[in-house]
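Annotations per TrEMBL:
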type	residues	note
COMPBIAS	173-183	compositional bias 'Low complexity'
COMPBIAS	206-217	compositional bias 'Polar residues'
REGION	173-229	region 'Disordered'
REPEAT	30-63	repeat 'WD'
REPEAT	72-104	repeat 'WD'
Amino acid sequence: PCRSVLTVACEQTEVLLFDPISSKHIKTLSEAHEDCVNNIRFLDNRLFATCSDDTTIALWDLRKLNTKVCTLHGHTSWVKNIEYDTNTRLLVTSGFDGNVIIWDTNRCTEDGCPHKKFFHTRFLMRMRLTPDCSKMLISTSSGYLLILHDLDLNKSLEVGSYPILRARRTTSSSDIISSGSSGPRAVGSPCHQNDSGPLSEKHMSRSSQREGGSPRNSLEVLTPEVPGERDRGNCITSLQLHPKGWATLLRCSSNTDDQEWTCVYEFQEGAPVRPVSPRCSLRLTHCIEEANVGRGYIKELCFSPDGRMISSPHGFGIRLLGFDARCSELVDCLPKEASPLKEIRSLYSHNDVVLTTKFSPTHCQIASGCLSGRVSLYQPKF
């Protein structure tokens with residue numbers, strides 16, 4: 001958070017630490033985990049968490065990197081995502097076992113932290129919390145996007161124990177006022193062609209809605225519109241949130257893995273436009289087709305700290321994308337129909353497929369990492 005250290009999760013059990021200003025290598029945690037390290041999340045300026053395909057999460061202290069603070073056991077498959085609620089000091093993780101688990105770091109010991117399973121869904125890919133932690137978004141390999149509204153992390157959710165909002169496929173603004181379908185479209189995936197979705201339509205009733213808002217932990221199920229994918233399923237591989245909570249950013253790939261798209265969806269608050277119409281909390285505002293390079297690998301994209309730009313892996317480099325050519329705020333240039341993202345700049349310095357990119361939270365700097373292990377740092381010249 002204070003931009004003094006850049007941490008890098010590596011495929012072969014390692015975590016690398018760099019000084020982002022001088023680009024000097026600080027330290028290598030050579031056996032941080034027993035399998036691939038997937039994600040890193042700072043809890044504050046000294047504590048950070050790592051997750052791995054070895055099914056564990058580890059807590060680390062920058063002041064003492066020779067040993068872990070503790071190791072957290074609870075997932076039964078690869079752990080792919082870490083979120084953190086700074087208000088409650090609760091760590092939230094998700095994995096390919098379909099579980100979202102809550103860890104109470106207020107009561108952390110050398111043996112771990114108290115934890116509980118919060119939510120479960122099939123084919124879970126990524127999980128994110130909005131900046132104010134009022135919503136949880138979950139993407140799946142079957143093309144569904146799940147939104148838990150008015151989030152309460154202290155309550156565990158079992159199937160059928162939470163209100164389910166009538167959901168629909170997201171559309172462009174001209175279609176929002178139409179009644180549409182009464183439930184999510186069934187979408188298959190390369191490995192799960194018979195998947196009929198995480199929930200049955202029979203659970204979706206009008207009584208689960210409340211006027212002007214949603215009950216605590218109410219669930220909305222959406223199949224986001226992806227350009228060119230109207231008649232084909234897609235997999236939502238990467239999921240990010242706008243730093244001001246205005247929108248969500250998705251990287252989607254087709255079931256046949258021959259197309260990739262970056263899409264921006266604006267949050268629409270409140271009840272359905274008409275009582276008879278299904279709820280739809282997202283509207284597609286911007287999109288762009290990506291280079292279909294490195295099939296099967298997930299590319300993690302991100303917003304800039306002010307939310308005006310998107311950095312997106314593109315082949316052997318990254319593209320800086322804006323909502324318009326002037327890099328205006330999203331709220332200042334919302335189109336009536338979905339519009340193309342504008343390419344501001346392309347940066348190519350890798351000799352392999354770029355898988356991840358990240359803006360510094362406080363400095364005018366971007367980092368990118370590729371499949372062969374090279375990390376590149378970019379800083380504009382004034």
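Any Cβ shown, glycine's included, is placed from N, Cα and C.
Automatic prediction, not curation, is the source of TrEMBL annotations.
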So what's the average pLDDT for the repeat 'WD' (30-63)?
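When the pLDDT values over the repeat 'WD' (30-63) are averaged, the result is 95.
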Can you break down the repeat 'WD' (72-104) into helix, strand and coil residue counts using DSSP?
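Taking the repeat 'WD' (72-104) as a whole: 0 helix, 21 strand, 12 coil.
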